[in-house]
């Protein structure tokens, strides 16, 4: 019977375009009808970067962009959830349509462009859950027209420091022109230095040290992975999230939509992101936490992520929220 309801629900959502379906799923969670909590099983619990997660499956950024339903997502059983990407000022993102289903590939292409309501709106919503349990991270980004993009990331750290359990620095979206250039070593060195300095200053004032993770692209060459690993290690970054969406279209079967610009996610991202996860583990050694994202849709794919990235410490993994099920 549950399979029937799942099929009917999926068909109903597919009657709308992808972005409308996403909005409807958020609206459904906002009704407050979701009950429950993450499983309280010590066998599933994992400690990473000083945080005790009830289980290692989390909701990646990109679904709850504006911090509208973090607690509803935690009630669904996720061990953590990540809001954003949030930029200092609101921005509308790229023109619609900007999400394209590739049904035969169990994937989508999106070129949203960090559409979000900005720091103020997210801060107000997160303030309303102050004191509640559950790990909610904040994924921070830069406005498209920012003169100093690194300053936007620093602003995100300072604004949300009291409310975020951890931060993700997103420099890997392909939908903001020039953003991925921050992954180059010289730019990355300055970015991490300024962001971690802000984190350390805020931490001293409230005696709390929030972990900072870096989210990278799956399209990096080995030399670029070398540079990122070196900077992350040298600056004592808390962890790396692997990966964002890909620009590759290799092996796609779907005819419609495959030529649209934007980042590809879903099942076709799984192999590429998992390979990069394994390569990064080789570079950073056994101790740095790595978080695997991309194409996770089953226990088997989740376990593969863990095997690729978890040598001596467990890896966290998050479902790729741009895949067509369930949100789109």
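Positions of Cβ are set from backbone N, Cα and C atoms, glycine also.
Record features, source Swiss-Prot:
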- 21-38: transmembrane segment (TRANSMEM)
- 61, 62, 63, 64, 65, 85, 139, 170, 215, 243, 266, 295: FMN binding site (BINDING)
- 65, 110, 111, 112, 113, 114, 170, 171, 172, 173, 174, 175, 244, 245: substrate binding site (BINDING)
- 173: active site, nucleophile (ACT_SITE)
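DSSP classifies residue 266 (FMN binding site) as strand under the three-state reduction.
It is 12 Å from the Cα atom of residue 174 (substrate binding site) to that of residue 215 (FMN binding site). Counting in whole angstrom, residue 63 (FMN binding site) lies 13 from residue 244 (substrate binding site) by their C-alpha atoms. When the Cα atoms are compared, residue 111 (substrate binding site) and residue 61 (FMN binding site) turn out to be 15 Å apart. Checking Cα-Cα distances from residue 139 (FMN binding site) against the recorded positions (113, 170, 173, 244) with a 10 Å cut-off leaves 170, in sequence order.
Under the three-state DSSP scheme, residue 215 (FMN binding site) falls in the strand class. Cα of residue 244 (substrate binding site) to Cα of residue 215 (FMN binding site): a distance of 7 Å. For the binding-site residues shown (113, 266), fewest C-beta neighbours within 10 angstroms: 113. Here is what falls inside 10 Å of the CA of residue 113 (substrate binding site) among the recorded positions 61, 65, 173, 215: 173.
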